[in-house]
Amino acid sequence: TRNWIMTMLEKQVSMVNEIYRKIDFDGIKGIHFKIAATKIWTTSTMVHNPFDSSDDANVFLEQLSKMKTGKYCLSYAWTYRSFLKAAQGLAFPCFVCTKFGARLYDMAHNTGIVSFMIPRAQWHLTLAHELAHSLGSGHD
């Protein structure tokens, strides 16, 4: 199962990279994401698991944001839970590489979440969408 998770995450990031590879961001080309580190929690009762059983995407994102991940430009969590209001994912806007506590409170804002409780064909699209928010894009 850990191997399946890692393979799936790598595939999702690869598919996102295919999307971003084709985009010209005002002269910036070749944006590429990679997985630098992973932590896998299998139950909410595992030691050091920062997440409670909340089904509110905002609460889940805040819990992720309280983790210190300062050596990474982005920290994303994938979860197999259904969020309120059918949220597929969530990310703070425009905070790539922001240090822990640089903005408000003792939190990092370079974070995002993606739920697996959506059709598999949408996983990479949701990740690409949330990463766009992290890079500063809003909704049309």
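Heads up, the Cβ atoms here are built off N, Cα and C, so glycines get one too.
Record features, source TrEMBL:
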DOMAIN    1-140  domain 'Peptidase M12B'
BINDING   HIS129, HIS133, HIS139  Zn(2+) binding site
ACT_SITE  GLU130  active site
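If you take the Cα of GLU130 (active site) and the Cα of HIS139 (Zn(2+) binding site), they are about 11 angstrom apart, rounded to a whole number. For the binding-site residues listed here (HIS129, HIS133, HIS139), the lowest count of other CB atoms within 10 A around the CB belongs to HIS139.
Same-chain residues that are not part of HIS129, HIS133, HIS139 yet have a Cβ within 8 Å of the Cβ center of the Zn(2+) site turn out to be ALA91, GLU130, ALA132, SER137, GLY138.
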